[in-house]
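Report on one structure; see the data block that follows.
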Amino acid sequence: MIAKIIVDVPANQTDRLFDYGVPEKWEDLIEPGMRVVVPFGPRKVQGFVVDLVEETELEKVRNIQDMMDVDPVLTPELIELGFWLTDETLCFAVSAFQAMLPAAMKANYKKKIVVAETFDGKLAEEVSRWFEHRNEIPWEDIKDSQVLPIFKKEIKRGALESQVVVKEKTAPKTQAALILPYPKEELESRMEELNDRAVKQKEVLSLFYEINAPIAIPELIELADTTRGTIKSLVQKGLLKQIEQEIYRDPYKFKSFKPSKPLDLTEEQRKAVEPIMNSLDESYHNTFLLQGVTGSGKTEIYLQTIAHALNQGKEAIVLVPEISLTPQMVSRFKGRFGSDVAVMHSGLSKGEKYDEWRKIHRGEVKVVVGARSAVFAPFKNLGIIIIDEEHESSYKQEETPRYHARDVAIKRAKYHRCPVVLGSATPALESFARAQKQVYTLLQLKERVNKREMPDVEIVDMREELRSGNRSMFSKPLFDKLIDRLEKGEQSVLLLNRRGYSTFLICRDCGYVLDCPHCDISLTYHKINHMMKCHYCGYEQRAPKVCPNCTSEHIRFFGTGTQRVEEELAKILPDARVIRMDVDTTRRKGAHEKLLGQFGDGKADILLGTQMIAKGLDFEKVTLVGVLAADAMLHLPDFRASERTFQLLTQVSGRAGRHELHGEVVIQTYTPEHYSIQYASHHDFDSFYVKEMQARKLHGYPPFYYITLINISHEEITKVLSVTEKITNFLKANLSENSIVLGPVASAIPRIKDRYRYQCMIKYKVEPDLNRLLKEILKRFSKELTKDNLQITIDRNPHMLM
DNA sequence: GTCAGGCTTATC
DNA sequence: ATAAGCCTGACG
């Protein structure tokens, strides 16, 4: 039997199937979707079995050396999906497979040197010293040392041998547990063996009449109210046996979730639920775009449609943007579906993610709530896929494989003939356009569940503020309202979107800005230990006291970081209790939940934060939302800038007045007339959509055109330019008249980590051959890619144009 | 000649 | 990606 295998060597030349023989003893065990260890040239690598056949065209093949799984980790569906992803995103097949599995399962290669079994001569003097106290030398120990040539010589002569051990990165966690090493029926007779004085031991043993599964030692001690010693002597006498039991690292172990029952649906909700239920009942694929204003009860629709799928014996995937941001969401799902839920998000450790994944793999859970990569959950009988806040940019992976979770979800749903529900108050323009064209089915919720009105929004022109002498970052209206809330004991949320507003260092005399020496971007000031840091390459240096250019002392930090806002708040509202949420304060595990918990408990008056506070928060006492700089994102080199601004403003406005108390929003901006800001303030998605569609049409952007972005980078600018030019010319010559090829253009950040970056953008409507052409480009430059350290990245649907 | 160091090539 | 094999040029 021959196995077709994708090897774990991400390179152009190895991105294909390799044939390996299946040893007879494994013929009945091996299945497609398993990971195996195979010899590959002189080394050993991990491989994915993707097919089993009888014949090979090769003269001779080598055998699979080891199996890494008992159960395939990839279902036939996922194998197929992997190849689809490979084709779709132009990545290596291994990369696609690896992206579908938790990082902990990536192979870990350990190379070591041993004395060859067949060798019985004498080792070279220098080498034999190394083997005095051990029989294997880790490769790292000699890799960079002087003796390496001698080792190599010995290997050549056959005296030494290099071996590679392929292991998983993380092993299942185990704990010591106890079992009866004999049938239960024997318990009574066994107990008689014990001395009459061993009262406690008998007591412990008798508990095993009731205990059926292995029991952890601490648990038994607790249960029997005994000590380690008692148990130890039972083990010594052979009356109990200690085993190692696999356990899960459960991040939610010590948390209890309030069980919730399905709520009564409003008329509007019922109307939205019905078609989804139909799709479930008749098991056909359909993509629904569920557009509901903030607070309209989308989550309840998710919960009830999922419950329906579970009743049919099917499984559900729920994608949420970076879920750690919304512990409230997790609670709702755990509350409704209890232990049927696995949670997957970036806040978990590698081991925790691995364990959650195994729960899915073993069929121990029916629902997964997770970030982007959860779309690959190895369910076999998917009933529904839900993507909450479907417009969120975090659904697009910005590394290879550059996929969008929405596309993968729809692909999987087609296979499983099940519905996909895209939920959002502010759908992505692409999605809404598809709904308009009846590609998706549009379901709308226009009212908030409790009939609360949308908050009143006030736009404040910061130019006016400046003219009237207010140079602070808080406008008069915002300041007054903050004071008002403080007095009333209500809470406020302040949003500062830092993107485009980082703190950089500028000399007020000569205008010099401190840049990264390796990237064309200014360094960002970090208050902790007074450092200047590059966000792209990690370079850092001390913040200078005088201008490096003109030695002036008038060198100042410019921009508005959350830290600065916090300081200013402390000055103008010294009594306000402020919680700051940004990358710095939420880095530690669980910090998010802790801070939000504190805010929810009323331990602070103001929650100040970046993007991360815009989503999903639902606090009763929040009646004021302030956006400090609404146009921060508006001027980024990105055709989605207006859309992002509109979405963020709408999103964050929805945090105010969700309950009894009426909400107010203050938006501070330097461009109050901009339509994103105007329409967001009127909660008017429809008008925004019309206006933005006009802009997209005019400039030839999605959803009117598809775009593909090719990024080329190299240490030498001339090289980058010539390659980019060749690529653009090639595309221009081969694409249809109606397509537009732009470039070569320097990227928005023309240099990162000492590499120059140029790009070429393709805008097109129909181009069935584009994939082939792009592969052709990669092939043409494949030599330079490996040899000359040239980099070409292709994004078939870019969301970041940098 | 020998040998280190760069370039090419194959990996079932 | 990576290691082995081939080629090349410097040195003795």
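For all residues, glycine too, the Cβ spot is worked out from N, Cα and C.
According to TrEMBL, the protein carries these features:
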BINDING   A:Cys507, A:Cys510, A:Cys547, A:Cys550  Zn(2+) 1 binding site
BINDING   A:Cys516, A:Cys519, A:Cys534, A:Cys537  Zn(2+) 2 binding site
DOMAIN    A:279-445  domain 'Helicase ATP-binding'
DOMAIN    A:542-713  domain 'Helicase C-terminal'
Rounded mean pLDDT for the residues that make up the domain 'Helicase C-terminal' (A:542-713): 89
Listed in sequence order, residues not in A:Cys516, A:Cys519, A:Cys534, A:Cys537 with Cβ within 8 Å of the centre of the Zn(2+) 2 site Cβ atoms: A:Pro517, A:His518, A:Ile521, A:Leu523, A:His535, A:Tyr536, A:Gly538, A:Tyr539, A:Ile752, A:Lys753
Spatially closest candidate among A:Cys516, A:Cys519, A:Cys537, the listed binding-site residues, to A:Cys547 (Zn(2+) 1 binding site) (Cα to Cα): A:Cys516
By Cα-Cα distance, the member of binding-site residues A:Cys507, A:Cys510, A:Cys550 nearest A:Cys537 (Zn(2+) 2 binding site): A:Cys507
Additional residues around Zn(2+) 1, ordered along the sequence, whose Cβ is within 8 Å of the centroid of A:Cys507, A:Cys510, A:Cys547, A:Cys550: A:Arg508, A:Asp509, A:Gly511, A:Tyr512, A:Pro548, A:Asn549, A:Thr551, A:Ser552, A:His554, A:Ile555
Nearest of the binding-site residues (A:Cys516, A:Cys519, A:Cys534) to A:Cys507 (Zn(2+) 1 binding site) - Cα to Cα: A:Cys516
Entry from the binding-site residues list A:Cys510, A:Cys534, A:Cys537, A:Cys550 having the most other CB atoms no farther than 10 A: A:Cys534
Cβ-Cβ neighbours of A:Cys516 (Zn(2+) 2 binding site) (radius 10 Å): 25
Spatial neighbours of A:Cys510 (Zn(2+) 1 binding site), counting only the binding-site residues A:Cys516, A:Cys519, A:Cys534 and Cα distances within 10 Å: none
Pairwise CA distance, A:Cys519 (Zn(2+) 2 binding site) versus A:Cys550 (Zn(2+) 1 binding site), rounded so that it is a whole Å: 22
Rounded Cα separation (Å) that holds between A:Cys516 (Zn(2+) 2 binding site) and A:Cys550 (Zn(2+) 1 binding site): 18
A:Cys534 (Zn(2+) 2 binding site) and A:Cys550 (Zn(2+) 1 binding site), Cα-Cα, nearest whole angstrom: 22
